[in-house]
Amino acid sequence: MNKKTLKDVTTKGKRVLVRCDFNVPQDSEGAITDDIRIRAALPTIKYLINSGAMIILMSHLGRPKGEGYEKKYSLKPVAQRLSELLNLKVSFAEDGDVAGENAKKLSQELKEGQVLLLENVRFVKGETKNDKEFARKLAGLGDIFVNDAFGTAHRAHASTAGIADFLPAVAGFLIEKEIAVMGKALDNPDRPFVAILGGAKVSDKIGVINNLLEKVDKIVIGGGMAYTFVKASGGEIGKSLLEAEKMDYAKEMLEKAKAKGVKLLLPVDTVAASEFKADAEHRVVDIDKIPEDYMGLDIGPRTVELFKQEIKDAKTVVWNGPMGVFEMPAFAVGTKAIAEALSRVSGTTIIGGGDSAAAVEQLGYADKMTHISTGGGASLEFLEGLELPGIAVLEEV
Ligand SMILES: Nc1ncnc2c1ncn2[C@@H]1O[C@H](COP(=O)(O)OP(=O)(O)OP(=O)(O)O)[C@@H](O)[C@H]1O
Ligand SMILES: O=C(O)[C@H](O)COP(=O)(O)O
């Protein structure tokens, strides 16, 4: 990486603003169900503690609308978990303005080696708009900016990009590690190279397929991503997740794959449910014959076998996005089967995304994978070969 890191700057006695990606999955009560992203930030935070910096952490959580404090999206549970993991008090700036009076006061009071977490930066509209004034306000809290939020490095937001206009900006250890490991695996990948896409952020991630078709030998599409393709091919998808404006694009991608000789695989069957609920009535149906009032919430058994066959002999696999609503046991079968199939691949396996990583970890396959990236969309954009805005703004060596 040709970017400066933490080690290239003096941090002792400095207020260091660190952008992390603490966008962790939570249950309906707000309890954190997977803390990989918090643990992944610890090397940077511990280094700063030991170097005598005053540490001010920033993150987003979920996608609030930018209209001030909302309990559901508060980072307070993250402050508690972080404090347990560090075995150290982590102050929390309860502040709907994020960088308002309370945050200012608490950041001024920090002593060397102490840690403060700000509230969810997306409580302020200016964050996702990369607003200059909000970036300036955040920057006003510190002396140095460290970006360690690999999972959010594909967003040009105030706390990931704009802030670098006002402070010296360097990379944290997580960003450094992600780029090193993925760069090495993906620079000249062993083939067959297979990408598996799923999840629910369809409009966000469907766009990567165009570039992926230039890089991979096969693309396997499951999860919420599949139904737009099925519908675009003339299938009946009932109430399944659909990105209607992307249907033409999906059609184009199916044609492009054919023209390029890249195998693009869609599910052949699905577990369709009467509602989006853990105990909903459900049954297996053909992927293109989902009844009108049903929705596909997992890949079906024939699809599992088909996908497993395609993965078996791969030499490089990148997986992003679960195959179904794995948080509900009735719809977790496909994701579990794919995770298991990946754990047997002898080549390089890279898992990207908050939920995909959580699924692999919960199933006990984490140590069977080459790399579990903290980035979902970010790792896909990295794989596409795009420059991530949160990294582009950092100072060069
Ligand atoms: N068929 C489906 N219908 C609706 N939701 C689905 C379906 N399949 C998977 N999902 C949901 O997709 C979500 C995960 O998607 P997402 O695209 O956010 O992946 P991710 O691995 O978390 O990546 P990122 O870190 O980019 O968010 C899960 O909460 C899961 O329940
Ligand atoms: O989960 C992610 O992929 C990152 O935290 C980025 O979140 P976003 O897609 O809401 O920007």
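Cβ coordinates come from backbone N, Cα and C, glycine included.
Please treat TrEMBL annotations as automatic predictions, because they have not gone through curation.
Database features (TrEMBL):
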- D21, F22, N23, R37, H60, L61, G62, R63, R122, R155: substrate binding site (BINDING)
- R37, R122, R155: (2R)-3-phosphoglycerate binding site (BINDING)
- K205, G296, E327, G353, G354, D355, S356: ATP binding site (BINDING)
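Proximity of the binding-site residues G62, R122, K205, G296, E327, S356 to ligand 2, judged by a Cβ distance under 6 angstroms to any of its atoms, singles out none of them. Figure note: comparing Cβ neighbours within 10 Å for the binding-site residues D21, E327, D355, the maximum is reached by D21. Selection of the binding-site residues R37, H60, R122, R155, G296, D355 by a Cβ distance under 6 Å from ligand 1 yields, in sequence order, G296, D355.
Look at D355 (ATP binding site): DSSP puts it in a helix. Taking the Cα atom of each, D21 (substrate binding site) and K205 (ATP binding site) are about 18 angstrom apart.
Geometry remark: G354 (ATP binding site) versus R37 ((2R)-3-phosphoglycerate binding site), CA distance 8 Å. Counting every protein chain shown, the Cβ of R155 ((2R)-3-phosphoglycerate binding site) has 22 other Cβ atoms within 10 Å.
A C-beta separation below 8 Å, combined with a sequence spacing of at least six in one chain, links H60 (substrate binding site) to D21, F22, N23, N120, V121, R122, E127, T152, H157, S159.
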